[in-house]
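Colleague: The structure is given below, and queries will be raised subsequently.
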Amino acid sequence: MESIAVALQPYKDTVGLTAAIVTVVQFFSGVLALNAIRRQGNTRGFSALPFLGGTVFCLLNIQFGQMLRDDGMIRVNFIGLALNLLYVCGFYLYTDGPAKTAVWGQIGLAGALTAGVLSYVQYEDPQLVEFRFGLILTGLLWTLKKSTEGLPFPIIFLGAVVSFAWLLYGIILRSNFLVVQNLMALALSAVQLSLFIIFPSGAAKPPPTPAKKRN
């Protein structure tokens with residue numbers, strides 16, 4: 001990995017900017033989900049967890065960016081944080097009355113998780129915190145990727161591009177956790193994309209089984 005990092009070092013700013021741009025574009029994919037909710041008139045069949053998870057992930061990545069002293073990572077996650085908060089608000093507005101209680105419960109859990117992790121960061125041994133914080137982010141990223149398996153092909157493909165861009169940037173920064181996180185995310189995206197090839201949406205459906213005649 002060291003030789004790749006050295007070779008890519010002159011392109012650090014370009015790779016970082018590309019990663020930031022495609023990530024911001026991906027953040028706007030939430031508009032598609034909210035538009036579908038708006039057309040339906042309610043949130044039945046949808047979950048707030050991707051939006052809440054995105055909010056938590058962006059908050060924690062801002063903290064991770066501060067650890068790495070990477071202003072680009074901090075800026076792009078501030079944008080993601082703002083957008084995901086808007087998505088959560090939009091989701092709540094379209095949620096039916098009785099279901100709002102469940103959404104508040106999910107918001108409370110997300111807030112408690114965030115507060116707990118950020119508090120832990122403040123008291124952990126500085127020599128251990130980056131390693132352990134990276135593990136937490138990796139687990140959260142994997143959970144988020146698993147929660148978006150039902151997304152359409154363009155969004156999953158864009159997610160793969162985002163993961164690849166941050167993988168390159170992690171190599172340049174020599175950040176093992178950025179590399180591991182995005183290798184895992186890229187692998188999961190590859191599995192998801194392969195399903196579109198194996199089971200294309202236009203594949204012919206088997207003919208219906210003829211009904212049996214009654215005696």
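Cβ atoms here come from the backbone N, Cα and C positions, even for glycine.
Straight out of TrEMBL:
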TRANSMEM  15-34  transmembrane segment
TRANSMEM  46-64  transmembrane segment
TRANSMEM  76-94  transmembrane segment
TRANSMEM  101-121  transmembrane segment
TRANSMEM  151-172  transmembrane segment
TRANSMEM  184-204  transmembrane segment
Colleague: Of the stretches 15-34, 101-121, 151-172, which racks up the most C-beta pairs under 8 Å with the transmembrane segment (46-64)?
Modeller: 101-121
Colleague: Would you mind listing the long-range same-chain contacts of the transmembrane segment (76-94), meaning Cβ under 8 Å and 6+ residues beyond its ends?
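Modeller: Tertiary neighbours of the transmembrane segment (76-94) are 19-20, 23-24, 27-28, 30, 33-34, 37-38, 41-43, 46, 48, 51-52, 54-55, 57-59, 61-62, 65, 100, 103, 107.
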